[in-house]
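Participant: Dumping the structure here so I can ask a few things about it.
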Amino acid sequence: MISKKYISLFIVLLSFINLEAQQVVIDQLIRNLNATTLLQKTDQKELIEEFLNVSQKGRFGGADDLKLYLEVNSPDNDISEILRNQKDDGSWPDINYADKSNSSWSPKLHALRFQVMAKSYKTPTSAYYLSKELSAALHKAMNYWFREKLVCPNWWYNDVGIPMYMGPGFLLLKDELNPDEKAEAQRVMKRKVYRATGQNKVWDAGNAVMYALLSDNLPLAVSSRDSIVSEIYITIQEGLQPDYSYHQHGPQLQFGNYGLAFISSMAYWANIFSGTSLAFDAAIMKYLRDYLLQGIQWPVWKGNMDAGACARQVFQNAQKSKPYVLLVAVSNMTRTDSIFANQFSRFIRENFLRPDIKNTLEGHKYFWRSEYGIHRTASWYASVRMNSNRTKGVEMTNRENLQGFYSADGVMSILVDGDEYNNIFPIWNWRRLPGLTAQDGVQATVDYSSQRSGFVGGVSDGISGAEAMIVKHDGLTAYKSYFFIRGVITCLGAGISTSYNFPVYTSLNQPLLKGPVTYLASNSKGERILSKDAELVDDKIKAVYHNKVGYYLLQPAKLHLNNQLQKGNWALIADFYKDIPDSGRVFNLFIEHGHKPENASYAYCILPGIAKKQLTDFVQQPAIKVLSNTTQCQAVTDNTESICQAVFYAPDSVSFGTLEIHSLNGGLMMMERTGNGKLKITVEDPVQKLDDYVLELSGMYSGQGATYDANRNKTRIIIPLPRKEGFEGSSVSIEISSKTPGWR
């Protein structure tokens with residue numbers, strides 16, 4: 001019989017072995033984290049400089065934009081300057097430690113510099129590797145923070161931001177911290193108790209992992225890892241959506257803010273846990289991969305993020321910095337999900353290494369959960385940003401995005417080079433955003449989500465598509481549609497009315513001026529060149545060309561065209577900029593509908609990525625024909641009548657060649673002749689309440705949902721619509737065959 005003494009010794013031995021095993025995992029996690037912290041995310045000198053420049057070395061930007069400052073090794077001369085300017089107490093004179101701002105809190109730069117210094121101290125190729133001078137400066141910087149115990153009015157910096165920025169530095173220096181410093185570092189990192197959701201929860205749990213590693217607490221590291229993983233799932237609440245868009249702060253598109261932080265954090269932690277018992281499993285990695293490939297990579301064009309995807313963070317350099325953050329995430333995914341490295345590498349190659357080559361991510365995608373449509377070709381990009389009474393268009397939080405009242409009311413970004421709108425925000429006329437119909441004079445509603453219409457949607461078969469919305473905002477009503485067919489964007493507007501005695505305008509585009517502006521008018525021969533600093537108001541203009549994009553009016557309109565200098569201030573965009581004047585020349589093209597219009601309309605085509613000669617040819621023989629432009633139906637077809645796209649705001653009919661199409665319950669529809677008497681029909685319910693989409697076609701057809709009425713020579717087609725929670729508003733395609741002799 002085994003004595004109690006030996007049993008006790010055995011238990012002690014098992015406990016010791018268990019602690020040893022736990023320490024092995026902790027040490028491996030610390031090595032992984034430190035290696036990731038020290039890893040130079042790019043070897044290209046130009047990209048290193050870009051990372052430092054777009055983050056303004058930690059001064060301004062979103063949470064993850066600022067981290068670009070930490071993703072590359074700062075040049076030795078930058079470290080020398082940091083050391084030279086540090087005061088004896090460990091602070092820096094260019095940081096306002098008394099700052100009480102909610103956004104871009106100045107003392108955060110102290111935390112960022114601490115990690116930058118720690119990276120140089122632990123990087124073998126740095127001139128300051130294990131430098132006594134740098135070590136002393138690091139301890140001074142640490143102890144200043146510990147001593148002052150600075151608090152920001154915005155909880156996020158106290159509970160999330162500062163621990164996130166300082167934690168990797170603490171772990172790099174873990175073996176050099178004295179007991180008091182370690183205790184203070186743990187105080188900074190200790191997890192706060194609050195009910196976070198979405199990406200805020202991920203940030204919080206990530207900080208808890210670093211606290212656990214600093215404290216040699218594997219059970220806490222495991223539970224915190226599980227908390228991170230618990231946010232990787234499809235939801236209709238805040239988080240990753242069924243269409244692979246991302247929501248936070250309600251049903252609001254957050255690709256460029258919280259959604260970017262989500263994939264950045266998840267790819268980072270996947271890398272940290274890789275090779276250990278805590279590694280993410282295959283199902284979790286698939287969610288991240290699908291979000292990257294089917295979601296967040298779509299609004300990035302030639303290394304620039306669509307302004308419509310930046311959410312409230314319309315900051316300096318935002319369109320450049322956010323794709324760089326995504327680049328780091330993709331690089332992390334390449335290491336942990338190497339089977340799909342080729343697809344990740346394509347994103348890196350086409351956006352950063354060779355942005356001059358043709359884009360290969362092509363097609364039309366409508367994110368029905370976020371009411372955001374994207375069309376990509378080999379040579380150009382366009383997006384339509386919308387919102388309804390089901391979603392929140394944009395937000396103004398922490399006095400950021402102060403002008404964005406209407407930036408989700410049908411705004412259409414058009415990119416060829418990619419930098420068409422870069423840093424344009426302070427000089428933009430925010431009532432003339434590209435694609436926007438808006439009125440001057442009216443006081444914008446403080447609530448950015450005051451769109452009252454429920455008719456907002458998009459139809460897509462993955463190749464072509466269309467978006468449409470009824471705008472009901474601040475007394476303005478407008479029926480707006482956007483059709484993407486054969487390299488041409490056709491924009492129709494009807495029922496434009498307002499209850500106020502203010503002028504109403506529809507903007508075709510408002511990018512930065514790049515090169516000459518030419519135009520064609522019906523009362524003159526040949527093209528004309530717009531003079532420098534000119535403004536032209538004319539109802540005879542029929543076509544305009546600027547920077548690889550052509551514009552063609554399908555109906556006469558009073559058109560405003562100018563290329564003048566516009567001035568502004570970054571303080572008008574976000575309070576934390578204080579006073580930063582800016583100016584630049586802008587291309588402006590917009591239609592005037594008059595004061596207090598009733599049932600006004602517009603119709604125009606945009607041809608991105610073309611030469612001037614192609615616009616001239618289009619004017620002589622337009623490739624698009626408008627079938628209807630009313631508050632009942634807006635529809636277009638191409639000149640071969642091979643494809644028809646229609647928006648039925650109510651039951652109505654439209655002719656497509658010899659074919660009569662009647663929608664019995666409204667919605668968006670796309671019909672394409674695919675040959676051999678076959679029709680491909682794609683439909684979508686923009687109200688998201690219908691069980692079925694019901695059409696009647698003249699003639700006899702067979703196929704899914706088709707019933708022929710011989711007495712009327714009509715075929716009724718009933719197409720079941722998605723009713724699964726989270727999939728309402730997504731598109732459905734079917735194919736039918738004509739049984740009518742001589743059908744065309």
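Just so it is clear, glycine is given a Cβ too, placed from its N, Cα and C backbone atoms.
No curator has checked TrEMBL annotations; they are predicted automatically.
Note that the structure is a prediction, hence the values are computed from the model and not measured.
The following feature annotations were taken from TrEMBL:
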{"type": "ACT_SITE", "residues": "H249", "note": "active site"}
{"type": "ACT_SITE", "residues": "Y258", "note": "active site"}
{"type": "ACT_SITE", "residues": "R312", "note": "active site"}
{"type": "DOMAIN", "residues": "77-324", "note": "domain 'Polysaccharide lyase 8 N-terminal alpha-helical'"}
{"type": "DOMAIN", "residues": "364-610", "note": "domain 'Polysaccharide lyase family 8 central'"}
{"type": "DOMAIN", "residues": "625-691", "note": "domain 'Polysaccharide lyase family 8 C-terminal'"}
Participant: Out of H249, R312, which of these active-site residues shows the lowest number of other CB atoms within 10 Å of its CB?
Facilitator: H249
Participant: What are the non-local neighbours of Y258 (active site), defined as same-chain residues 6+ apart in sequence with CB under 8 A from its CB?
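Facilitator: Within the chain, Y258 (active site) has Cβ neighbours under 8 Å at G198, Q199, N200, Y246, Q248, H249, A311.
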Participant: Across the whole of the domain 'Polysaccharide lyase family 8 C-terminal' (625-691), what does the mean pLDDT come to? Round it, please.
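Facilitator: Averaged over the domain 'Polysaccharide lyase family 8 C-terminal' (625-691), the predicted model reaches a pLDDT of 96.
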Participant: For a three-state summary based on DSSP, what are the helix, strand and coil counts in the domain 'Polysaccharide lyase family 8 C-terminal' (625-691)?
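Facilitator: DSSP classes over the domain 'Polysaccharide lyase family 8 C-terminal' (625-691) add up to 0 helix, 43 strand, 24 coil.
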